[in-house]
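Per Swiss-Prot, the features are:
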type: BINDING; residues: Cys70, Cys72, Cys85, Cys88; note: Zn(2+) 1 binding site
type: BINDING; residues: Asp460, Asp462, Asp464; note: Mg(2+) binding site
type: BINDING; residues: Cys814, Cys888, Cys895, Cys898; note: Zn(2+) 2 binding site
Amino acid sequence: MKDLLKFLKAQTKTEEFDAIKIALASPDMIRSWSFGEVKKPETINYRTFKPERDGLFCARIFGPVKDYECLCGKYKRLKHRGVICEKCGVEVTQTKVRRERMGHIELASPTAHIWFLKSLPSRIGLLLDMPLRDIERVLYFESYVVIEGGMTNLERRQILTEEQYLDALEEFGDEFDAKMGAEAIQALLKNMDLEAECEILREELNETNSETKRKKLTKRIKLLEAFVQSGNKPEWMILTVLPVLPPDLRPLVPLDGGRFATSDLNDLYRRVINRNNRLKRLLDLAAPDIIVRNEKRMLQEAVDALLDNGRRGRAITGSNKRPLKSLADMIKGKQGRFRQNLLGKRVDYSGRSVITVGPYLRLHQCGLPKKMALELFKPFIYGKLELRGLATTIKAAKKMVEREEAVVWDILDEVIREHPVLLNRAPTLHRLGIQAFEPVLIEGKAIQLHPLVCAAYNADFDGDQMAVHVPLTLEAQLEARALMMSTNNILSPANGEPIIVPSQDVVLGLYYMTRDCVNAKGEGMVLTGPKEAERIYRAGLASLHARVKVRITEEIRNTEGESTSRTSIIDTTVGRAILWMIVPKGLPYSIVNQPLGKKAISKMLNTCYRILGLKPTVIFADQIMYTGFAYAARSGASVGIDDMVIPEAKAGIIEEAETEVAEIQEQFQSGLVTAGERYNKVIDIWAAANERVAKAMMDNLSVEDVVNRDGVVEQQVSFNSIFMMADSGARGSAAQIRQLAGMRGLMAKPDGSIIETPITANFREGLNVLQYFISTHGARKGLADTALKTANSGYLTRRLVDVAQDLVVTEDDCGTHNGIVMTPVIEGGDVKEPLRDRVLGRVTAEEVIKPGTADILVPRNTLLDEKWCDLLEENSVDSVKVRSVVSCETDFGVCANCYGRDLARGHIINKGEAVGVIAAQSIGEPGTQLTMRTFHIGGAASRAAAESSIQVKNKGSLKLSNVKFVTNAAGKLVITSRNTELKLIDEFGRTKESYKVPYGAVMAKGDGAEVQGGETVANWDPHIMPVVTEVSGFIRFADMIDGQTITRQTDELTGLSSLVVLDSAERTGSGKDLRPALKIVDAKGDDVLIPGTDMPAQYFLPGKAIVQLEDGIQIGAGDTLARIPQESSGTKDITGGLPRVADLFEARRPKEPAILAEISGIISFGKETKGKRRLVISPLDGSDAYEEMIPKWRQLNVFEGEIVERGDVVSDGPESPHDILRLRGVHAVTRYITNEVQEVYRLQGVKINDKHIEVIVRQMLRKGTIVDAGSTDFLEGEQAEMSRVKIANRKLAAEGKIEATFTRDLLGITKASLATESFISAASFQETTRVLTEAAVAGKRDELRGLKENVIVGRLIPAGTGYAYHQDRMRRKAQGEAPVVPQVSADEATANLAELLNAGFGNSKD
């Protein structure tokens, strides 16, 4: 028995490993793996079902078919273990060796491995520096290649056709060596001296200047170096020995009726063996060359098909006309090994069923049908039955359970007690899609779910199904209880707000309960407390809504957390007093003394969690739910057709609109407006009418007239059921009520354009056939959109998870002083997101100074919680520099301080938290709520009229930034700078509003001026761009020659004449080189200088500019010299919704991006070409100027002589994130991507914390391009992981050597995922073949740092609870201790023994 245990122990040993390396296999290595050569294509004998000897399933090579039994049956049983039978040559051992023993095929002629040949860029081609076409022609026996030129004039690697070869033979005889086929390529590869080649290339690299050549050389150098360093030999890319997969991994299963089901691989192998054997025979017979050649070509094709079918030529098909599944197909794609079996496994101990409501459950419970529980917990029940002595054997226990004896149910109750189960609803879009509950046994067959967790699961009860999983081990149960229990997941990880929020009925119930009503029964009573309130309500003495005075005792907690109680008599209603009874101690009464809608309830729960913590909140949430359901039932709110009150004003409003439309139609027919203008105006009219009807309807619905106690009629908020449902946030919205009782309004055609006749009817009146038909467009598009959206959103999430999966919090503090400056998000006159929301839960990067003093308000490295944020608000701080993931200095992972608060828990984040995955889920999960559509700015959808002035909303003082201006004769300011910003500051120094002021705008008040709310502070003409003079003097025309560079135009209506500058295309020959300009001179005729510079004031005029001045006229500073008409930008489509988010994260360059200034300096224009202008920027310090050619049709925002800063916009358009990174740096690009992504989510009302987007941006910025390698071994122009560059630089700095310099690169998420250090992670994401080919050639090591790699190799992940295990392993490795070998316990040994003994009876195939 002892040696048996020893033997078992040897089999359960797990291999401990630190990394996985992939490399090319040498022929000797393949032979060393092999247990014998497969010589015959036969598989199994169809009569005896025994494998054929030397065939693809041969027992002698691969091992016995039955456990511990040789093929001929001479040796059976365990005692002959390890004997090799003399008759059939089979080793007596377990049959599972047939899963691991490999064979091999000795190929009669070498064949190229198709991956290294055809996977682009072709590795063989790159190594030999030959085009792929040529190599293919050699491999498939169409031409010869010269291997050794000898004394002849033939070059090595030269391609010869058949004729050329024969000519050369005649001419030179055997002076030279030329071959065809894989042997030739193999010989070429063998003869390469990699190191020498490398040296030559490096010298070439230093000498060349051409960019393309450099690129090609660096590619080759990298490949050669990879070969040298990894120890791979180039000739191994040509196979001489082909490994054969173990037979149990390519099974052949007999079906009934004498047919066989087989893996496609067997067919592919059979082909290879057949052709190989035929080739061997032909070579033995010394057959004619042409036949042998053909056979070799066919062998090459057969091997290609086995490795990667369909990569070259047509795929080989099986009997059913489908392409056969080759080895490459086995591992790639959704159905491949990686995604189907390694990353997504099916789980035992699980069941699924329909869900239904469990309104009486507690938050941590779920109802589990008895039938299901019995099945799921079977093994536990068997164990308990045996332990109690109620059953003697497992078999007896099994019988008892099958008979469902009474005692079984009692045992089940015990087993289930406090054993959590996991509930999962597909699709699991974020981590709250799986939560743990304690099961409560119920009758019936449906799982009961607590209503408050529906929001997290996105579940409803219209037939949704959920799956139940049982955590088996103690550790799993512990994790389920401590981390996954629904009571521990009250806050959403995406934004830190409660996700356990009542909805629908509960909200309606609470709203109904806390509403007040004029002159209700019992109004004016004074009550001793909530208890009495409930008593008089139950007794029917007072209505729930009666306004009464109640004595209320509140417990107030001060900052130290001590509580003091205070009692006061408060004006409230009976319902609110009753509700107060369930509110936990420590919250103020004001929190319930208001009509509670959904937002208010959410805020109440949030406050409760922040003040009192987890447990009271959970109890409170449950109580809220029970109360809400009870009072919703009491309210009896129901919807009848009469509740949809149609406003009387509707008919009048529609009539007015129709008259206006008719009027515009007349104008159109008389030619006053164009068709486009007419269409737009009509749509605007109807949109306005719709708004008016809706307003009339809501005004009508939301109030009702009642008689109060004094008999006077007064208005109160309505108790109309539909209004209450919308107002409380329980169901429906104003927009939906508008369709019920207002008018349906404008509809869109399937292409997105708006139909100009609206649906004037509503659902209460009913639609006529035409109206119904129009509305079906929208409905159908909605359904089609939803289907597309779900798929796209899922794919976005997958890409995000893949790029961020290896980001884990690995240390407490990286010590950096960098960070990003946070300011409130202000658009125009309203604060979209206050500073408080943006910095809450962040850590300060430097001290926050109290505004106006030198006092430190908040020290450095402080986690800003609610209290600190209150302090910031009190002192009206409007910008804070906080730590950010993007600027974190940790090498692999991020530090806790740079991340800040764990949003789902409310304290600083723990080490080992997988922040990358959380970020990806938080961004991906709301993806399905985003729209798919691209908005047409047209129709009523969203058309902003061209802005022409700034009107402030609040009073305060103005603050102008990056401003240059001149004061004109009227004493007003004329802006002469490009990106001027105007901010409105209130008396506390906070920014309230922010606007962009264009060039040439006229401002009545300057910097620091006080303004009142509603005042207009700036005006400009949106349709022209002025040229403003900065000095006073007299005008002098330069190069303004009539007929050559300008023409005169006279306006027919006013009779005024003006000069128009001709575009260079319209000028005659002599005028082409002239540059029309206006100079400003003084009375003597000398040039006036621009203030602060030594440049003469002259303004060059671009084409189409209009001048309304004459030569010699006197002008004052700030006057307009010329006007340049702006073509109104056509209706551009703004991409919205999901596609926009995907574009941002993929870092795609927009079609016509904004052109930014590459360096700071003075603008001038050089010589123009036919379609382009030459923009020259000369730096102020006199260094080299920068030139760029810009197409003529791009409108430029700059004039000659203007000073620009690096990164300023030269020509408008959407900015490319790559340009922003290059010119303005990492923080600017972070800000840009964050703001743009948030814009999309904000439109849909989804809140996501900026942190998550920053996490993804950090991953997009992982790589950099080396500019100068210094003393490192990087190549210049190489893309390298930033962490590796930083580590290398630190090492060099310590040694005092030259560090490498680099620029940061921004990669899209797909590219970034494929460019990760880990080849396992990249291969399991996309383009498996390419990734593995690259990794094998380079001999890459995967250090298994990320989560995905560890899941694939079947280890604990280095995050969460697995973090400690990995830290422990690292520590042991550092100290050089031996890894702990898991000891086999007695139970495991007996289980294994039972398995061995049973193996003889039933041979189970998996």
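Heads up, the Cβ atoms here are built off N, Cα and C, so glycines get one too.
Note that the coordinates shown come from a computational prediction; the quantities given were computed from them, not determined experimentally.
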Query: Judged by the number of other CB atoms within 10 angstroms, which among Cys85, Cys888 is the least packed of the binding-site residues?
result: Cys85
Message: Nearest by CA distance to Cys895 (Zn(2+) 2 binding site): which of the binding-site residues is it, out of Cys70, Cys85, Cys88, Asp464?
response: Asp464
Integer Cα-Cα distance in angstrom, Asp460 (Mg(2+) binding site) to Cys85 (Zn(2+) 1 binding site): 65
Statement: Given the Zn(2+) 1 site Cys70, Cys72, Cys85, Cys88, its other Cβ neighbours within 8 Å of the Cβ centroid, in chain order, are Ala59, Leu71, Gly73, Lys74, Tyr75, Glu86, Lys87, Gly89, Val90
- line: Asp464 (Mg(2+) binding site) falls, by DSSP collapsed to helix, strand or coil, into coil
- prompt: Which residues, sitting 6 or more apart from Cys88 (Zn(2+) 1 binding site) on the same chain, put a CB under 8 Å from its CB?
  reply: Arg53, Ala59, Arg60, Cys70, Leu71, Cys72, Lys74
- prompt: Other than its own, how many Cβ atoms are within 10 Å of the Cβ belonging to Cys898 (Zn(2+) 2 binding site)?
  reply: 29
Statement: For Cys814 (Zn(2+) 2 binding site), the nonlocal same-chain Cβ neighbours (under 8 Å, six or more residues apart) come out as Cys888, Glu889, Thr890, Val894, Cys895, Asn897, Cys898
Message: Please report the three-state DSSP label of Cys895 (Zn(2+) 2 binding site).
response: strand
Message: Applying a 10 Å Cβ distance cut-off over all chains shown, what neighbour count does Asp464 (Mg(2+) binding site) have?
response: 17
Statement: Asp464 (Mg(2+) binding site) and Cys85 (Zn(2+) 1 binding site), compared by Cα position, are separated in whole Å by 59
- request: Among all chains shown, work out which of the binding-site residues Cys70, Cys895 has the most CB atoms within 10 A of its CB.
  value: Cys70
- prompt: Looking only at Cys72, Asp460, the binding-site residues on record, which one has the least crowded Cβ, with the fewest other Cβ atoms within 10 Å?
  reply: Asp460
Message: Can you give me the Cα-Cα distance between Cys85 (Zn(2+) 1 binding site) and Asp462 (Mg(2+) binding site) in Å, rounded to a whole number?
response: 65
Neighbouring C-beta atoms (10 Å sphere around the C-beta of Asp462 (Mg(2+) binding site)): 5
Field: Remaining residues near the recorded Zn(2+) 2 site, that is with C-beta within 8 Å of the centroid of the site residues Cys814, Cys888, Cys895, Cys898
entry: Glu811, Asp813, Thr816, Arg883, Val885, Ser887, Glu889, Thr890, Val894, Ala896, Asn897, Tyr899
Field: Other same-chain residues whose Cβ falls within 8 Å of the Cβ centroid of Asp460, Asp462, Asp464, the recorded Mg(2+) site, in sequence order
entry: Ile355, Ala459, Phe461, Gly463
